[in-house]
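*Asks:* Taken from TrEMBL, the feature transmembrane segment covers 12-31. Per TrEMBL, the feature disulfide bond maps to Cys40-Cys117, Cys73-Cys78, Cys123-Cys327, Cys201-Cys233. What TrEMBL records for Arg67 is site 'Transition state stabilizer'. Taken from TrEMBL, the feature active site, proton acceptor covers His71. Annotated Ca(2+) 1 binding site per TrEMBL: Asp72, Val75, Gly77, Asp79, Ser81, Glu91, in sequence order. Annotation comment: TrEMBL describes Pro164 as substrate binding site. What TrEMBL records for His194 is heme b binding site. Per TrEMBL, the feature Ca(2+) 2 binding site maps to Thr195, Asp246, Asp254.
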Amino acid sequence: KERRRDKYHQMVLLLLMIIMSYVIGTSEGQLKVGFYSDSCPDAESIVGGFVRDAAQSNNKLAAVLLRLHFHDCFVQGCDGSILIDNGPNAERHAFSHQGVSGFAVIESAKAKLETVCPGVVSCADIVALAARDAVALTHGPAYQVQTGRRDGMVSDMSEAANMPDISDSIEQLKSKFLEKGLSEKDLVLLSAAHTIGTTACFFMTKRLYNFSPTGGSDPAINPSFLQELKSTCPQNGNVNVRLPIDRGSGDTFDDQILQNIRSGFAVLQSDARLYEDEATRSVIDSYFGFLSPLFGSSFEADFADSIVKMGSIDVKTGSQGSIRRVCGAFS
């Protein structure tokens, strides 16, 4: 009898240990706001300072940092893998990442953090925090960033082969977002990040002069806007000329990009496709109904929710990944 009781107690103890290890492992694997409040209390303000200083000398930097966060999260999750520069096959050199930059700002912030609290703050978290600060600098919504990401250990350009592309159909776009756990609403809101930044005529040529399947121009473009676009990006002209993605409001984070999409003034083909689909069209229209200002959804609040959701894609936490000493190398 005594032996059975001891065996029972041992089983109960073992079960409790298993449960506790699971709870600890689960809590380790969760992002949270203020993750560095004890280990590096100035981390977020240090990142914010570098973003502000860099943006003062380059007013396009906010869009650059926001795009960097998006491209990082859509390949192997938000793990800073896009920052690695370990040769010609590094992820950052993938065709789908062409034009992505902002690496120097992230590296500068990391270098400062390494002097203050070495080996504590991940490069992946710096990217997410920099995007948050970039949105705020362009009068976008303020939101809290959950931190606790660790840095990935893989950088391979082949991993970026399935990035969303401006020439994707709406079905392809919805599918690629769904694969990452993002909804049709998230697709609209994260595409609306195009409210800041520019694109190059290189990305407009096919839409303006050789649109599939009939050739010519994309019929979704408002006729008056078509002439404006062709004037900026003439056929056989300089493909490096840049133009705002959000006509009329390219330096301010607002919902003008969605209004442009509704009116045929979308610059990018992928943005225009959002109004061809019933589900994504209804999301866009929800922000412009007669009573929307009073009772409708808040574009700013919804964007904040979507980018926080995106920032948790396949994150590495706890004992996964590493904390790099230099963001551009596995160290």
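Glycine is treated like the rest: Cβ placed from N, Cα and C.
What's the neighbourhood like for each of these?
*Replies:* Around Cys40 (disulfide bond), the C-beta neighbours below 8 angstroms that are at least 6 residues distant in the chain are Leu113, Val116, Cys117, Val120, Val121.
Counting only same-chain residues at least 6 apart in sequence, those with a Cβ under 8 Å from the Cβ of Arg67 (site 'Transition state stabilizer') are Val100, Gly102, Ala193, Gly197.
A C-beta separation below 8 Å, combined with a sequence spacing of at least six in one chain, links His71 (active site, proton acceptor) to Ile82, Ser96, His97, Val100, Ala160, Met163.
All protein chains included, Asp79 (Ca(2+) 1 binding site) registers 28 other Cβ atoms within 10 Å of its own Cβ.
The Cβ of Cys78 (disulfide bond) lies under 8 Å from the Cβ of His69, Asp72, Ala124, Val127, Ala128, Arg149, Met310, Gly311, Ser312, Ile313, Asp314, Val315, each of which sits 6+ residues away along the same chain.
Its own atom aside, the Cβ of Cys123 (disulfide bond) has 30 Cβ atoms within 10 angstroms in the protein chains shown.
For Pro164 (substrate binding site), the count of additional Cβ atoms within 10 Å of its Cβ stands at 20 [all protein chains shown].
A simple way to gauge crowding: the CB of His194 (heme b binding site) has 26 other CB atoms within 10 angstroms, across all the protein chains here.
Counting every protein chain shown, 17 other Cβ atoms lie within 10 Å of the Cβ of Asp254 (Ca(2+) 2 binding site).
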*Asks:* Can you give me the residues near the recorded Ca(2+) 2 site, meaning same chain, not Thr195, Asp246, Asp254 themselves, Cβ no more than 8 Å from the center of the site's Cβ atoms?
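*Replies:* The surrounding set, listed in chain order, is Ala192, His194, Ile196, Ser249, Gly250, Thr252, Phe253, Asp255, Gln256, Ile257.
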*Asks:* Take the C-alpha atoms of Asp246 (Ca(2+) 2 binding site) and Cys233 (disulfide bond) and report the distance between them in angstrom, rounded.
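*Replies:* Checking the Cα atoms of Asp246 (Ca(2+) 2 binding site) and Cys233 (disulfide bond) gives a distance of 16 Å.
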*Asks:* Looking at the binding-site residues Gly77, Asp79, Asp254, whose Cα is closest in space to that of Pro164 (substrate binding site)?
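*Replies:* That would be Gly77, the closest of Gly77, Asp79, Asp254 to Pro164 (substrate binding site).
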*Asks:* Could you tell me which of these binding-site residues, Asp72, Glu91, has the greatest number of Cβ atoms within 10 Å of its own Cβ?
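*Replies:* Counting Cβ neighbours within 10 Å, the top one is Asp72.
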